[in-house]
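A short worksheet on the structure shown next.
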Amino acid sequence: MSSSRPAHSSSSSSRTRQSSQARILAQTTLDAELNAEYEESGDSFDYSKLVEAQRSTPSEQQGRSGKVIAYLQHIQRGKLIQPFGCLLALDEKSFRVIAFSENAPEMLTTVSHAVPNVDDPPKLGIGTNVRSLFTDPGATALQKALGFADVSLLNPILVQCKTSGKPFYAIVHRATGCLVVDFEPVKPTEFPATAAGALQSYKLAAKAISKIQSLPGGSMEALCNTVVKEVFELTGYDRVMAYKFHEDEHGEVFAEITKPGIEPYLGLHYPATDIPQAARFLFMKNKVRMICDCRAKSVKIIEDEALSIDISLCGSTLRAPHSCHLQYMENMNSIASLVMAVVVNENEEDDEPGPEQPPQQQKKKRLWGLIVCHHESPRYVPFPLRYACEFLAQVFAVHVNKEFELEKQIREKSILRMQTMLSDMLFKEASPLSIVSGSPNIMDLVKCDGAALLYGDKVWRLQTAPTESQIRDIAFWLSEVHGDSTGLSTDSLQDAGYPGAASLGDMICGMAVAKITSKDILFWFRSHTAAEIKWGGAKHDPSDKDDNRRMHPRLSFKAFLEVVKMKSLPWSDYEMDAIHSLQLILRGTLNDALKPVQASGLDNQIGDLKLDGLAELQAVTSEMVRLMETATVPILAVDGNGLVNGWNQKVAELSGLRVDEAIGRHILTLVEDSSVSIVQRMLYLALQGKEEKEVRFELKTHGSKRDDGPVILVVNACASRDLHDHVVGVCFVAQDMTVHKLVMDKFTRVEGDYKAIIHNPNPLIPPIFGADQFGWCSEWNVAMTKLTGWHRDEVIDKMLLGEVFDSSNASCLLKSKDDFVRLCIIINSALAGEEAENAPFGLFDRNGKYIECLLSVNRKVNADGVVTGVFCFIHVPSDDLQHALHVQQASEQTAQRRLKAFSYMRHAINKPLSGMLYSRETLKSTGLNEEQMRQVHVADSCHRQLNKILADLDQDNITDKSSCLDLDMAEFVLEDVVVSAVSQVLIGCQGKGIRVACNLPERFMKQKVYGDGIRLQQILSDFLFVSVKFSPVGGSVDISSKLTKNSIGENLHLIDFELRIKHQGAGVPAEILSQMYEEDNKEPSEEGLSLLVSRNLLRLMNGNIRHIREAGMSTFILTAELAAAPSAVGQ
């Protein structure tokens, strides 16, 4: 579908990328224009000009590239820093100073009387060797940063000045051709002057992280409210906000907490220009930004004159803010600020790495929003606390990603359900009027304020929609301007160029269009954005006279409302996909009536689907049974009542309980008392379809194993389902952790020489690695080398988080940045005393093979009880267990594919059926003779039978006696049923030369009865089909009947209906008959399944089926109870 916005591509993700890139480029141009205007105007700058700027057309925005380049250069290479620290730029080869801030000599080289023996204090200037400024430990640590690809892993580095003895945090980042180092004074009263490292910073955020992780999920609002509350308590700022960017780049204060007496900004929307694109780019590079005092005078940077380009300050926290931003802060009385970027995954399905390949390229990221802290007085936050806030923002981003996935699933399910309901309404009436006049209707498909349908030169309107004449005018405009497109979406009819937009007012701003034909069109309408937005902040007191040129949040909000005055909320990609899907269904429904139906091709597709699906499922099922019986891991299964119906040899060996002794016993009697509630919960959830993973419980031992103590299992609960996805039991795939736990217990008790255990090549020793309290890898045993391919000397003394494990540029690659954040949380929690056990973990080994495992982390303490690091134990499931899980997954995927295929086929069949119905209805009005009309009626009956069968696909278990197969009672003539049923086997009879003889009396054929004629027709056709299939070539099939009337009262008669179908030959195989009578527990054949369903239908009619086999002949005897139709009483 086309759009008034930049052209859309075929996929949602590419459409999003293109429109987003176009918006960013346009916004950057506007940012540069406004910046130039501000610099030239100074105090006379009129802030309201951004309204006119954002309304300017693309042609008016051309010719500004020079301003854009100058603006970006000024933002990134401004040569000014904030005065709370100083800055040095070092040449990477010589380690000499090539640039320094004007305050650096005073901060780093001033002589202190507390430091003796400083005869010749060092001087700081261009070319100074930085080793001369600091004591040896700090200078060595700084020089070590030269060899690191990612120098940020070392931050902060603690250094001490030679002259004053003052400690500083050195925060290093790499710029083009040099290292840029921020130096921030350490305040011993606030933080201990030790090389704390990143792990110590994680501790500061532990409480906040735990609070976020404990949230149930499903509410973005609750998640944002929690994070602002935790940051508020962690940092002590006066105001903390969660600031969210919308699709059109404008921002919204989504959550907020303030100290008492401060005006709230909750619900306030800002124009996109309030946070320029250049600033957003810098937030992607440097995810924490601090401004200590907006009134403080910036400090200049002195650079080596030999430098060809100014040094980039993108990664520096000290980078001075732009004067325009400082003015804005001053106006809103925010003297200090701290901002954390919230970076999330792009919504692109194609970027997901495969399960067995390392992620060669990280998933694309985007800036979701910011966590913004404001303070009404100068405020400095030390680096360790800023780092903790950055990590907290990363954890928050992981949960935002989860919320997106959950919202996407809920949204897709809702849209799919609505599409299905609308499709069903369409197929019943084959007219688009049904989805406008009925309930639900097209307004329920996507969020809108009104809708309309132009069909057959008539107009139908729903709620807030233009008048009939206006809709016709819009349709004419579409045909003239967008005649070649199949539709259009715009958030502003005015911007899209519709000449009548002004007459529509602000209640009709946005529109989405789907063309069914060139003259038949569906419309959706939206009102202006302001109607959707409410500011939750303080109301504006009319006595407050705001200067319209003064930069302030209230004026930002006013400017935003002006910008979006004639705009609606934008139409999202998923909404346009839903509209496009409905458009295709409508076009198919109306157009297929005019196209010939490829019935034979459809039959072949269905046949191939059944054969492929059954063969695959049978193979998978056989493999599952074999695996369960022979697996070297414990596997047990229970039915829906908790009774054991599966107990393999491995679990029998571990527990001492034989298979025959375990079968039939309740699972709760076989587990330790301490595990009863755990297993009970697992069983309950699994039967509801909620499968728990990595749950530990203890199994009782019996016989010779009784004295060995309980068996400790870590179990995955898998719901056992039938072909119709109905949960019929639970399978527990387990891993024996008894020996593993004994080793871990013994290990954690050892206080002295533990290396003998760690480096023992005994296969019982699991892979173990460890880190000291500063995050350096300190342990890596033989089993770990075998698992990963990385030797001990290649990882020891490297940063565990960042160099050994990371999602890029590390020895052991993780799948994603989210996985890296989770590993950080686990290790941090262990250092804080919350040890992790059997957490799901995965990594790529040296050869790129992905390893799924469990991770347990324990803290390491010395004799004084001081935490000195962590030990991490990895447990890898056996090959048999992994194979079993993969087979189970394949089975589930096959069942899902089959269900999806059947759902598609059902959907696809309805469209040609609608076309056939239209064709027959047209034929009836062409003057057919009696015989031709009779054939048309037979086709109608067969059509209704097929519709009935398609509707049965909704049944969970169609073969169950208690299934919800229903009867639709109506009057019919038995002749119509018999003729329609026989017609369904005549082609098969002709192919085998079989004669069908209907020896039915006139009285039977003309009898009018009351019941479900279509179901009876289905039953007869099933038994006739089987009879013809198992008759010899040249044989015969004879149909005879008997009717017996029984009077019940004066005007009610019941008819005992009996029909006999006799055919020659050996007859139907006994196996199929056993399946019909449910005497065979094997998977039923197609014929057995159809006869079983027909038998259940006969039972609903108070009837049954019998089969008689005689010499050379077989007979089906069908009985049912019908009511004589009122018009037939007395005949």
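Cβ atoms here come from the backbone N, Cα and C positions, even for glycine.
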Swiss-Prot feature region 'Disordered', matched against 1-26, 53-78, maps to 1-26
Write out how many residues of the domain 'PAS 2' (750-834) are helix, how many strand and how many coil, based on DSSP. 30 helix, 16 strand, 39 coil
Cβ packing number for Cys324 (phytochromobilin binding site), 10 Å threshold: 16
Kindly report the helix/strand/coil residue split of the domain 'PAS 1' (620-690) according to DSSP, in that order. 40 helix, 12 strand, 19 coil
